[in-house]
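According to TrEMBL, the feature L-glutamate binding site maps to Pro122, Thr124, Arg129, Ser289, Thr290, Glu338. According to TrEMBL, the disulfide bond annotation covers Cys350-Cys403. Per TrEMBL, domain 'Ionotropic glutamate receptor C-terminal' is recorded for 47-401. Residues annotated as domain 'Ionotropic glutamate receptor L-glutamate and glycine-binding' in TrEMBL: 57-113. Per TrEMBL, the feature signal peptide maps to 1-21. The site 'Crucial to convey clamshell closure to channel opening' annotation in TrEMBL covers Ile268. Sequence annotations record features per position, and here TrEMBL assigns site 'Interaction with the cone snail toxin Con-ikot-ikot' to Lys295, Lys384. Sequence annotations record features per position, and here TrEMBL assigns transmembrane segment to 171-193, 237-259, 418-439.
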Amino acid sequence: MDKGLSFLLCVIATMLLLGESSRTGEKNGPKLLPASKSGGAEEALPTLTVTTILEDPYVMVRSAELEGYCIDLLKALAAMLRFRYRVKVVGDGQYGAVAPSGNWTGMIGEVLRREADIAVAPLTVTSAREEVVSFTTPFLQTGIGILLRKETLSQEMSFFHFLAPFSKETWTGLLFAYVLTCFCLFLVARLSPCEWNEPKNEENHFTFLNSLWFGAGALALQGVTPRPKALSVRVVAAVWWLFTIALLAAYIANFTALLSSGSEQLPIQTFEDLVKQRKLEFGTLEGSSTFYFFKNSKNPIHQMIYEYMDKRRDHVLVKTYQEAVQRVMESNYAFIGESISQDLAAARHCNLIRAPEVIGARGFGIATTQASPWTKQLSVAVLKLRESGDLDYLRNKWWESSCLHRSRERWSPLQPQALGGLFLTLAIGLALGVIAAVAELSNKSRRAAGHAKKSCCAVFTEEICTRLHIRKNTRQSQETSGRAN
C-alpha cells in the first residue's frame, strides 16, 4: 500500500513538473526560436515612447488601432532610422501651453517630464515651445485661417452681379469688338457691289444703326434684318455669330461656377472683416499656439481678436478640434485655427468653407527633449521623406475627399487672356471680310474700266468715293440742278 501510494505521488509530481516545463517553454518560446539576422537586429533596436493627440486625420482610432497621417509618418521614420516605438495618447488632451503654475501641459509637458521621448502630432513650432523642447524640421506647412459655415454668409447680391463672370478688361474688350464688328459690317456692305450695286439709285439697308442692331441681334442668338447677300458681308456676319456663340457659352459656364462656388458671396474675406462684423462669434482652441499668436502679436487687428477671445474665454474657446467643427456647423460661430486642418474640414463637410486670407505661416514639427540625439536624425529623415515625395503622398492620401473638388474651388472673373484666341479669330474674320469686299469692288471696277475705256485705278477710286460719300455727292448734285433751274 505504501509502495502504491509512493508510486502515485511520484507520478503526480512528474506530471506537475512536465506541465510547468511546458508552460515555461510556451512563455519563452519566441525568444528561443532560431532568429534570423534581421530578427536579432530587431531585438536590439531602441524603443521610443511617442505621445500624440487624437485629431482627424493625423491620429484616429479605427478598430481598436491607431491610424492616420502621423502614424504613417511614424512608421516611415521608424523604418528609416531603425527604432521601435510605443504610442500613447496625451493624458490631458492638450497640445502644450504654460499653466498658471508655470508648468507645461499637454504633449510638451509629457516630453519635459520624460514621460515620452518624442511627440508626433500636429504640434506647431513656436518660440515659447522651442525654449523648453527641441523641434525637428517641419513635416507640414500651415497657417492661421478662418473656418465658416456657408449658410451664415449669405448676403444680398450686388445689383450688377450679372457682370461678375467677366472682368472689367474683358467687358471693355467685348464692347470694342462689338463696335468694330458693326463698323466693318457697315463698311463692307457699302464697298461690296453685290450688296449695293447702284449707289445712286439703290438704298443701302446696312446703315450704321442697322449694323448695330444686327450685331446686337446676334448676341441674343436672334436673326434680324437686313439679311446679308454679298459673300464679304456674310463672312463678317458668320465670324461674328461664331464669336457670340463661344462668348455666351463662356459667360454661362463662368456664371454657373460663380453661383455654385459662392466665393463672391463671402462677406468675410479677411480677419479685419471678422472683427468688424457682429453676426458671428469667433474663437480658437484653448491653450493653442493660435491663441498665443494673437496674444503676442503687435498688429492692432490681431490685438482686437485676442481681447475679444480673452474676455469671452469661457464661451468662445473650445477644448478640441472636433468640438470647434461641430460648433461651426450648428451655430453662428467662426473658428480660427490651422488652415491645413480647416481645408480638411471644408473637404469633408460641403457646407463649410475657409476664408481666403491666411496669416502666420508656420509648420508642424516633431518635439523631442533638448539635447536629444534623435532631433537631428529625425530632421534628416523628414527631409529625405520630403525629397522622395513621401510626404506629398501622405498628404494626398489623408486629405482626399469627394467633396474637395466642389467645396474648395476658387472662382475668378474671366480675363481677356482666356478669350485671346476668340478675339484673334474675330479679327481674322473681319480682315477677310474687308479683303473680300475690296476684291468684289475691284472686279466691278475692272469691268467698268473696260467699257468706259478708263484706267482701273480711276474707276476704283471713283467707286470708293461714291460709296463712302454718297450723301455728300447727292446733295451737291441737287444744289447744282437747283442753280441751273
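Glycine is no exception: its Cβ is also placed from the backbone N, Cα and C atoms.
On the structure: features taken from TrEMBL.
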residue : record                                                        : Cβ within 10 Å
Pro122  : L-glutamate binding site                                      : 22
Thr124  : L-glutamate binding site                                      : 24
Arg129  : L-glutamate binding site                                      : 25
Ile268  : site 'Crucial to convey clamshell closure to channel opening' : 23
Ser289  : L-glutamate binding site                                      : 23
Thr290  : L-glutamate binding site                                      : 23
Lys295  : site 'Interaction with the cone snail toxin Con-ikot-ikot'    : 14
Glu338  : L-glutamate binding site                                      : 27
Cys350  : disulfide bond                                                : 15
Lys384  : site 'Interaction with the cone snail toxin Con-ikot-ikot'    : 14
Secondary structure content of the domain 'Ionotropic glutamate receptor L-glutamate and glycine-binding' (57-113), with strand meaning DSSP E or B: 20 helix, 15 strand, 22 coil
L-glutamate site span - longest C-alpha distance across Pro122, Thr124, Arg129, Ser289, Thr290, Glu338, in Å: 17
Long-range Cβ neighbours of the transmembrane segment (171-193) (under 8 Å; 6 or more residues past either end): 163, 204-208, 211-212, 214-216, 219, 228, 230-233, 236-237, 240, 243, 247, 416, 419, 423, 426, 430, 433-434, 436-438, 440-441, 444, 463-464, 467-468
Shell of the L-glutamate site beyond Pro122, Thr124, Arg129, Ser289, Thr290, Glu338, same chain only (C-beta within 8 angstroms of their C-beta centre): Tyr95, Leu123, Val125, Thr126, Thr142, Ser288, Arg362, Phe364
Average model confidence [pLDDT] within the domain 'Ionotropic glutamate receptor L-glutamate and glycine-binding' (57-113): 91
Distance from Ile268 (site 'Crucial to convey clamshell closure to channel opening') back to Cys350 (disulfide bond), taken between C-alpha atoms, in Å: 18
Inter-residue Cα distance where the pair is Lys384 (site 'Interaction with the cone snail toxin Con-ikot-ikot') and Pro122 (L-glutamate binding site), in Å: 19
Cα distance (Å, whole number) from Ser289 (L-glutamate binding site) to Lys295 (site 'Interaction with the cone snail toxin Con-ikot-ikot'): 10
Candidate nearest Lys384 (site 'Interaction with the cone snail toxin Con-ikot-ikot') in space, where candidates are the binding-site residues Thr124, Arg129, Ser289, Thr290, Glu338 and distance is Cα-Cα: Thr124
Rounded Cα separation (Å) that holds between Glu338 (L-glutamate binding site) and Ile268 (site 'Crucial to convey clamshell closure to channel opening'): 17
